[in-house]
Structures are given as C-alpha cells and as structure tokens.
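Working notes for the structure below.
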Amino acid sequence: MRGLAVEIISIWQKTNVPGGAPGPFLDALIEQTLSDHPRLSHPDRALLRELVTGVLRWRGRLDYAIGQVSHQPVNKLHPLVLNLLRLTTYQLLFLDRIPASAAVNESVKLAKIHRLPPALIGFVNAAARKLATALPDLPLPDPEIEPVTALAVATSHPEWLAARWLERLGPEAAWKRAQANNLHPPLSIRVNTALISPATLQVVLQTEGIATESGRFSPVGLTICSLKQSPFNLPSYQRGLWLFQDEAAQLATLLLQPQPGHGILEIGAGRGGKTTHLAQLLRGKGRILAVDHSLERMAALNRSRQRLGLTGVDLLLTDATLSLPIQPEHRFDRILIDAPCSGLGVLRRHPELRWRRQPGDLDRFARLQAALLRQAAPYMRPGGLLLYITCTTEPEENESVMAAFLRSHPDFALHPGPVSDAPEITPFIDADGYFRTLPERHDLDGFFAALLAKER
Ligand SMILES: C[S@@+](CC[C@H](N)C(=O)[O-])C[C@H]1O[C@@H](n2cnc3c(N)ncnc32)[C@H](O)[C@@H]1O
C-alpha cells in the first residue's frame, strides 16, 4: 500500500509542476490505481487514499520536519527519497495505529525495492530514525516572531497564501481559514429528485447499510454518516438516485431559479455536477446547452446524465473564450458561468492544489473568467438571469471580475433582494449582495456566486 502511495505522489509531483501545463488530478490518479488493483480490500483502499491525500495535505509541515533532521536542504533531496521520508513522517505524526519502528522499516524496505543506491538507502534509514526520535518534541516556528512562516508550517500552506490571508483577513481569521482547509469535508450527496425524494432515498440507503442525515443547508442534500464499502457499487448509485456534491455547490445552483420550459446556457459544464442539478429542476421541460472545452469531462457528463436518467441536455464541445457556435439572434432565459478558477475555496477537498497554485494564477484565471462572461452575455434575453459561480475565496477572481463585467455591461445589474425560489440561500448573501460560503464558517466548500439580472 505504501509503495503504491509513493508512486501516486511521485507521479502527481512530476506532472503538476507549478507554472507548468496542468497534469492529471490527484483523484484521477488514485482512482486509476484503485481500478488497476481491483482485489484491494475496502480498508486498504481507504488507507491508500488517506496516505496519498494526507501526505499532500501536510506536505509543508512534513517538509519542515524533514528539513530539521536532514543535512541537505529539502529541495535538494532526491525526489523519491523525499517522498519516502514524507510518507514516513506523515505516518509518525498522524497515524498512531502504525508503530514508529514499522514506519521506519517500511521506508527502508521501499528504498531497497526501488533500487536506490546504497548511500541513499542509508540516508533514508538514518533520516527516518532521527525523525522517529525527534518528532514528538520538534518545535514549530513562533507566530510572534515569524507570523507568515508559522502559519505556513503549522497548517501546511505555501508562504504566499499564508502571507496573503494574514494581510487580508488578519491573524485570527487567517488561521481559522487555513485550519479548516485541513479538515475532512462531510460526505455530501445530492438527491436526484427527478427519481426520488430525499426522505425516500434515506430509507433506500438505510436498507443498503448506509446511514444518512438530512442536508444541513440544501433541500436536496443528504450527508452520509460513514462509509465502509465502495459507494459506486451500491444499487441506489447505479440506479442514478444520487451523486456526490458539496452542499455549497447545490445551494449556488439554486440561485439561478430555472423554471420548467426555460432554455439555459451553461459555460464550464465540466462533469455536469450543476448541469444535472439544473436538469432535475427543469423536470423534463426545457433545454440546457452544456458547454465545455474538455472532451474527457464532456464524456463524464454524458455518462452522468445517462446514469441519472435526465433528458433535455445538449453538449457542445468548444473553447468558450472564442465566439460561440450559436445563432447570433438566439437568446437564453438563464446563463450559468461555472467558471474555471484557482480552486482555493476547495483546498479541504483537493489539498494538493495549494502546491500547484502560484500568485500569478489569480490574474490568469480572472482574464479567462472575463473572456467567458464576455462571450456568453450577448445570448442573455432581457429579463433573464445570469449566474457567475467560482469555488475560490480570492477577490481577484470574484468581486473584481464582477465589478469589471458590470462596468462594461451597463444593461446587467446585481440581482436585488432575496431569491424567492430558494429561501435557504438568504443566510449566505452578504452585505454586497454576493453569495458566499466558507469552510471555516459553514463547514462547506468556499464558493462565491453573483446573480445578475439583465434589464428588460
Ligand atoms: C468549475 S469547473 C466545472 C465544474 C462543473 N460545472 C460541475 O459542477 O461539476 C470549470 C470548467 O470550465 C471548463 N473550461 C475551462 N476553460 C474553458 C474554455 N476556455 N472553454 C470552455 N470550457 C472551459 C473546464 O474544463 C471545467 O470543466
């Protein structure tokens, strides 16, 4: 298991260099490995996930500890040696069910299996032993003396993010934000209300051995209490009764208030988390044109709509920053821009993203988001609604993009007042009229949404 974990971590690191072309998602690498090893037991599968995501979540803290016992700087260590030591340190710090001696011996065994030269095997052995002895008393940087480094190391975030949040939010809120990013998110699912009600699905899941609770915020959400088997083999999943989705995403979609019979344009449909929700709300009446430039994601959306038994969705594979292949006079009742973004609001769900992102990414995404809005806006009918959603907490991709769009599109305005179709949204609308969910405040993914109305 540990060998597979190190392999996945090493592949992710090699293919996701900050500033380089985007590589495969960590989730996809884990899923691929699991499907290549179908005989792994459920506990082994769970352990593999925990080791891989745990090491990448805590990489900053682990590297700090390794740096304290290594005579070489961490960034100069052989990549495999570093990943073996990260795995060992993670086990020593966070997994008390694995004895320290076993964690140390395992790292040496893996170094030998990978045929590292004897000097490097010796280095792994010595460093792992030192870590096992030193870790319990290893002091962390003092927040009074080095506030940025202290936050970055203790909560395992890159220094640029720690510095940015300390400056913008102040120390208390910055620490809460960073700590919340290291908690495991609840297992939230969305009920396919085209086929079943939330209450009935709870009963069905109970018969399958899965206890659930009602969604805390979303009227179509349930929370799985604990999962001791692969959820994807459950009959209820295969019959399309539900899908995994954070409640923040469910709430954000409700803002658009689609009505049966509506024509909806969705830019950035991806794997269709929100497309399929919109299709549920249309109740088979109306059409959604789901646009994305990723063939792999459109294929996943296609599979998802089939599994969920939803109709009325047309797929358009195109780069939506360029002029859209839609009749110029065509108008939609609703437009959803589910914008590509830095994902800094979903670090608890995708902990590895924090090492992938760089400060310059925020402006790069803002330009992309502005281009998508610019191309879609002319297709809005007067009196219609446009919803802009991101899963980032950073103003460059949220408020600034909206302010610039509203300046250049005076026929659009922020939708005033409460959302009549979805009263559960109201507590998440801030004083500026934006929808916002925060991991540290709501135990939800960090989403931002702005609902814009086009004048009649
Ligand atoms: C936030 S994700 C979509 C999530 C998805 N809507 C869901 O709810 O599951 C943003 C999507 O924008 C797509 N995208 C990024 N740049 C694009 C472009 N230039 N044209 C079209 N789609 C783009 C990405 O492929 C990605 O699927």
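Every residue, even glycine, has its Cβ placed from backbone N, Cα and C.
Per TrEMBL, the S-adenosyl-L-methionine site holds Asp292, Asp319; the candidate it also names there, chosen from Asp338, Asp361, is Asp338.
Secondary structure at Cys391 (active site, nucleophile), as computed by DSSP, is coil. Only Asp338, of the binding-site residues Asp292, Asp319, Asp338, have a C-alpha within 10 angstroms of the C-alpha of Cys391 (active site, nucleophile). Report note: the S-adenosyl-L-methionine site is defined by Asp292, Asp319, Asp338, and the residues of the same chain whose CB lies within 8 Å of the CB centroid of those residues, excluding them, are Ile267, Gly268, Ala269, Gly270, Val291, His293, Ser294, Ala320, Pro340, Leu372. Its own atom aside, the Cβ of Asp338 (S-adenosyl-L-methionine binding site) has 26 Cβ atoms within 10 angstroms in the protein chains shown.
The binding-site residues considered are Asp292, Asp319; of these, Asp319 has the fewest other C-beta atoms within 10 angstroms of its C-beta.
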